[in-house]
Amino acid sequence: MKLLKLPSKLHDGQLTQCEVDDNKLYIIGGKYLSIWDSQTLLNAATGKTDVKEVKELEKMSLDLLESNQEDGRWLVVLDNQRLVYGSDHLLACLDLNKDSNSEYKSREIGIFKDNEAITDLKYDKVNGLLFVSLSKANSLQIMDSKTWELKSSIELKSKPISIITDPLGQLLTVILQNRSVQIYQYDSHGTTKLHQSINQFVQTNPLPYRMTMSPQGDVIPMINSLHNNVPTAVLLDRIQKFKIKLSLVGYVADCKILKFSPRIYSKTKSPTSNDTQTFNLLASSGNEDGNVVVWNTNRIKPLFDASKVVNSYITDLEWDNSGLGLFAISQDGQLVIFAFQENELGDVMPVEAVTEAAKEIKLLDPLPFKPKAEEPDTKLPPNKTAQQTTTNSKKQPKAAEITTISSTNMEFIQPSYMVPKDLKRKPVTEDPLLAQNKPANKKAKKELDQIDFLDTNLFLPSVSFSKVRLAHPKIRASFQYSSQGNFVLDIKNGLGNDQKPTSITLTRKDNESSKQLFQTFLPKFVTLCSAGSSFWAWSTDTGMIYVTSISGQMLFPPMLLGVPVSFLEGSGDYLLCITSIGQMYCWNVNTGKIAFPINDVYSLLNPMLRYSDDVLSRAENITMCAVTSQGIPIVTLSNGDGYMFDSAMEAWMLINDSWWPYGSQYWNFMSSAGVDLTSNDDEKKDKYWNAEADILAKEVKNNKNSIINYLETKTNDELTRKGRMKHLQRFAKVLLMKEGFENLEEMITLAHLENKILVSFRLKEVEEAIRLLKIYCIRIAEMGYTDRFSQTLSWLYDPTNTKFSPLDIDRRRNLIKDIIISCANIRQVQRVTTSYANELGVISDSL
């Protein structure tokens, strides 16, 4: 695939709609219309033509738009070199057949009032009809494209948003603002009949959707439904009474464009088989993200995804007639060309294949022709439940209701309000014309207000009310995970079904050979995997976790979490999992139990800083998630902070604060990746410098297995990446010179050391905690903090004190002796050290 973005902006940086007809690309935007040769654009994208030679065939100024001071929004290409364009209140026809010396002339078709706006414009080439939807009147007008005569008009219940025409010339799909979808049958005379109605199907949006049916006419696309709590687009099967044929999972929530390629594609199922499968391709784009996604109707996952093609949002997409090109226009005037190679999307079948596929669809019975003289003269009031056109007397089947997304909030399936036959109370008729034949002597009962109910089917409260949305991995074709140096778990994803399952293989690789330990298959997509000391685990895209031994034997039945997994980490006997809604699980695989009750990461994301009643907002990213061999979860954020979860307190605790690097003299035990943040030895020797404390600090620095050191390195990396490190170091120096902040550096240093000591004990890194405790005691003794020094020794001396519970009595006594000897020459604490030395016999032993 080749992508070309024209360097110059078109139409003064404003493009709204494009159409391809007879190898020509028509683009309207602003007050201009330009015509391009589509093959020349594709050749320029593939490198066959120099981009500098690419120019439009024609560019014309639309006089009617200039005179009415409006911008072009709508464009359809008719037969015989004619096209219809329009704005919000204007509709005009442009004849492209002209002499070489004459100019293009526009003919005005209709002008609408200021409060009457055109919401969509479509053309049916089979019957030569033009469909215009109007907002104020809530109507849809059907016009003859040759005489511009108004054939008929359909009165709608709500404002029409978008129109989808049928390539077979029989069905007209209208999307209304009340989230319902009306499907009408029509003919060349303009006669219409309501064919089917689907309630609460799409989200309400004032902007029109740009959608097309499949070229053979068997599928209608619908945007922004919900599938397993993931925004999707669904394809409705015309043959199966518009039931869902396929859901495109992983779809962007704000999509506004979904267009089918005009060709059908085929692909051989396997190299050894001659069987082929046919499929269609769809191109879609969101309203703000600037992405372009291509779908294969035989797959539920995207076939191709181009991110941030343009800086603004894409206003329209259009396929080339060859099926190998795709054009995209943006709101800021950019034209983007996607040129696909042959066989890249599949084998493009000839045009006749579309005709043959269309013949397999059973057409509807023709509508009875009703002359105008027989039509009723009385026009029904708008916005009523009665239809102006002919309706089917048979009861229509209830359409399937599909949950959709109207914003970033979660919505629920609304209950049905259809009245059963055995209910005597009937809804009050609003239209007096329909009630004129009914008895009026019976007093109508008061109409009760409708009650909204929550649907209990497929209802997960943790998802519906969760304010946390974490990203989860995309599905990869294959990936590997290494553990313990020589074990490699190889994941090869299939199609996610039993026809081609996912392969999972564990191999032990030595220097010269490799041995397969086990292999298994799953009819699902695998997204993450991890390993511990005696187990392997992997998760699927549906939130199911499998745990096996090294030999491949299942240790537990598959665990279903209900939502995708964002993090899956193992260490020792523990397996940590964080789901996409922020729930955290930690299991002890050896005992087969959960290590602590289920918790979440919601509190780490500073929810109160970005709190909103009904809007989800961005928070700090989780840059790392891990679990220690002792079963302690550790999380780092993009702001540099690191946290651990304490199972005894059942709360998250701060390991390192991004504030401490700016003032703590003991922060830079390890340098950031690629940036040395430490100073030289002379700068370290301040008035509180101590040789023994310096030696202990170097021992802590050289401990490569220290969890705290690693997390401090992560903090340094984040601060350096954001460019805040040098700036805040200068800021700290300026702050120290201000009145009232003279001891700021001392307080930050002590806070940092105290936290490191407490965290080391909770992480069960006892040796590192002892070294840090010695450094801390020497530091506070030199600073003259006698109370803190005395309290620390009293905690160590008291065997019932649980602050340093990992230390037994003998280690506590020996640690006190080491501290007393290290601080013996510090005059400020000699009274404290002497009392403890006498109690422990240090003085008598030395004498």
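Every residue gets a Cβ built from N, Cα and C, even glycine.
Now, the feature entries from Swiss-Prot:
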REPEAT    10-46  repeat 'WD 1'
REPEAT    113-153  repeat 'WD 2'
REPEAT    155-194  repeat 'WD 3'
REPEAT    259-305  repeat 'WD 4'
REPEAT    309-348  repeat 'WD 5'
REGION    368-399  region 'Disordered'
COMPBIAS  384-394  compositional bias 'Polar residues'
REPEAT    508-548  repeat 'WD 6'
REPEAT    558-597  repeat 'WD 7'
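Secondary structure of the repeat 'WD 7' (558-597), assigned with DSSP and counted as helix (H, G, I), strand (E, B) and coil, comes to 0 helix, 23 strand, 17 coil. In the predicted structure, the repeat 'WD 6' (508-548) carries a mean pLDDT of 92. The list of residues near the repeat 'WD 2' (113-153) in space but at least 6 beyond its ends in sequence, with Cβ under 8 angstroms from a Cβ of it, reads 73-79, 84, 86-89, 91, 93, 159-169, 172, 174, 186-192, 208, 382-383, 388-389. In the repeat 'WD 1' (10-46), helix, strand and coil residues by DSSP number 9 helix, 18 strand, 10 coil. According to DSSP, the repeat 'WD 4' (259-305) comprises 0 helix, 25 strand, 22 coil.
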